Amino acid sequence: MTFFRSVCRLFTTMSKPQVVFVLGGPGAGKGTQCSNIVSKFGFVHLSAGDLLRAERSKPDSMYGELIDSHIKNGTIVPVEITCKLIQNAMEASAANRFLIDGFPRNKDNMIGWDTTIGDQVDLLFVLFLECSENVCIERCMKRGAAGSGRADDNLESLKKRIVTFVNDFMPIIEYFKEKNLVKRVEAGKNAEDVWSDIIELFKNI
């Protein structure tokens with residue numbers, strides 16, 4: 001079965017899924033705040049990065065080596081792989097409301113999403129956790145020092161990831177801004193204050 005047919009089969013067996021994209025630089029707090037949203041509002045959290053790292057760790061994965069190279073170099077994994085992993089995770093879930101964080105990562109991701117899944121879901125909005133470069137680096141370095149186990153929680157990889165974010169993510173933010181779909185939250189504050197702002201965005205969904 002082709003990827004497109006598989007996606008269509010997914011969405012004909014359930015009501016139209018609701019999706020919130022969660023975007024922000026490395027260390028902006030996407031994982032922390034997604035966990036809060038899951039607990040309070042019942043969304044299922046799908047992290048593009050976590051899905052890629054899990055796939056990379058599978059000894060029999062045909063994508064593992066390629067994913068590992070992209071992660072270490074702070075570059076973008078081909079959209080076909082990322083969309084396939086997101087699709088598989090949605091198929092495996094009985095839920096109908098999803099947080100997808102760290103995706104879409106660039107224009108190619110956006111095109112890939114639009115041509116395979118985009119018109120089959122209800123995109124509620126894009127949650128943009130905006131955070132300064134210095135704060136992002138400090139948080140990730142602390143995370144790495146605490147034993148995060150992530151190969152990219154080091155200064156060299158972080159600098160590459162931030163360049164990638166500025167060059168590739170920000171045009172996506174601008175794209176969604178033009179559609180009035182971006183909800184911005186200042187993520188440089190402490191986690192509790194950030195969470196208070198996020199609650200206001202989700203409480204009426």
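Note that Cβ sites are derived from N, Cα and C of the backbone, with glycine treated the same way.
Listed features, source TrEMBL:
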BINDING   G27, A28, G29, K30, G31, T32, R143, K189  ATP binding site
REGION    47-77  region 'NMPbind'
BINDING   R53, T75, I76, V77, G102, F103, P104, R105, R150, R161  ribonucleoside 5'-phosphate binding site
BINDING   N109  CMP binding site
### Query
Under DSSP, the region 'NMPbind' (47-77) has how many residues in helix, strand and coil?
20 helix, 1 strand, 10 coil
### binding-site residues near G102 (ribonucleoside 5'-phosphate binding site) (Cα-Cα within 10 Å), from A28, K30, T32, R143
K30
### Message
Cβ under 8 Å, sequence separation of at least 6 from the ends of the region 'NMPbind' (47-77): give me the contacting residues as numbers and ranges.
### Response
30-31, 34, 85-86, 89, 100-103, 105-106, 108-109, 150-152, 157-161, 163-164, 168
### Query
C-alpha of K189 (ATP binding site) to C-alpha of P104 (ribonucleoside 5'-phosphate binding site): distance in Å?
25
### Site with most surrounding Cβ atoms, counting all protein chains shown within 10 Å, from the binding-site residues K30, R53, R143, K189
K30
### Intrachain C-beta neighbours of T32 (ATP binding site), sequence separation six or more, cut-off 8 angstroms
A191
### Task
Take the C-alpha atoms of G27 (ATP binding site) and R53 (ribonucleoside 5'-phosphate binding site) and report the distance between them in angstrom, rounded.
17
### Summary
Out of the binding-site residues G27, G29, G31, P104, the residue with the smallest number of other Cβ atoms within 10 Å is G31
#### Entry: pLDDT averaged over every residue in the region 'NMPbind' (47-77)
87
### Task
Select the most exposed residue of A28, I76, where exposure means the fewest other Cβ atoms within 10 Å, treating these as the binding-site residues.
I76
### Message
Excluding near sequence neighbours, so keeping only residues 6 or more apart in the same chain, what lies with its CB under 8 A of N109 (CMP binding site)?
### Response
I76, V79, T82, F103, I172
